[in-house]
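Taking it in order: structure first as structure tokens, then the write-up.
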């Protein structure tokens, strides 16, 4: 997640609690002599309260600069500077810049070492960042000065609980029990939503379980939680790439190259994504212009450029199937479409295109089956509904099957010639010879037709009846 308002961070609540502290100090006599400083602080508070974070931060930067050059008495200058750092920390937190907030809170504590509220806030930030050691140090420091501080005691217990859960998550991950690890990390990240290590570990578990989308959700904020996190940007780029989301992929790898333009891994991946995008865009432009053979060539290049990511091979097969149908190359289209369907069985575009290829090949029954299957996945698709209706109409008016043609014999063939032809065809089309489901289905139907042809044509009465009807 890019710097911005953080999920789970109630920055408005923090602002109002902070405001109460500020008012307490002001009642204790903080000087308002420096009009310029007060003006910037007042504007910063108003903008923070209204959610205009960039403007608020700008005013606090100006206030810090004005205080540094201020000629007031030292104790007044310290009070101004302390409160400005404290308030600016609130802005940084609201923007998701926890490290900058910690830096300002550290400065504030140096100026006012006895401020337990700033120390408590630092502990809370370290807890959210998953740094249990630093969180404990701050909570313990508060309790040393104020043993009855209930929030510090409660947060110290949460820090100890968090550390135990972190250790358990790493142990279960080491055993490759990824589901249990995710369940533990879900609880960890309730307490430490800004912990990049836990987010990265959960993302790794999601990758092992094949949930790329969840992995992306977890990795996205880690790219900004760590300084110079090129590894996260590259990982995000490759994950989006595996899903065919090339715009997002190129965006993340560019962020990596902004950090180091000579990073070899990011540069290599950047070139790969750019090359693939160019080929995909070229192929789709050819389809748009009805240059289908050129589109086929481009998609064949896509498969050569990226043979290891299934998405791109699946996409290429799907679009080549479409182009072959447009070129009316029925037999080849059926083969390619069937392979594409095997790779992506729920893709209604492939089913639609193979149905059209079957229609071109006058296999209307097969076309009806494909359209019916597509309808199961999308009942509201008008194109599929219309295609099914058309295929059903064509099937209705299809002439009766020619058993002589199915066996490949003349109408004058004798019984011995028919049996011989049957044996040859049965051997060729026996379903056990085929491995892929679509091949078995096709062979099975052909085998049934061959068996029916042999039964009818070797029985004199049935053959006579058949001959009189065709």
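Each residue, glycine too, has its Cβ placed from N, Cα and C.
Feature annotation from TrEMBL assigns signal peptide to 1-32.
Averaged over the repeat 'TPR' (82-115), the predicted model has a pLDDT of 86. Residues or ranges marked as repeat 'TPR' in TrEMBL: 82-115 (among others).
Break the repeat 'TPR' (116-149) down by DSSP state and the numbers are 27 helix, 0 strand, 7 coil. The repeat 'TPR' annotation in TrEMBL covers 116-149 (among others).
Sequence-distant contacts of the repeat 'TPR' (348-381), counting only residues of its own chain at least 6 positions beyond either end whose CB sits under 8 Å from a CB of the stretch, comprise 318, 321-322, 324-325, 328, 330-331, 333-334, 337-338, 340-341, 387-388, 390-392, 394-395, 398, 442, 445. As annotated by TrEMBL, repeat 'TPR' applies to 348-381 (among others).
Marked as domain 'J' by TrEMBL: 402-470.
Counting residues per DSSP class in helix, strand and coil order gives 54 helix, 0 strand, 15 coil for the domain 'J' (402-470).
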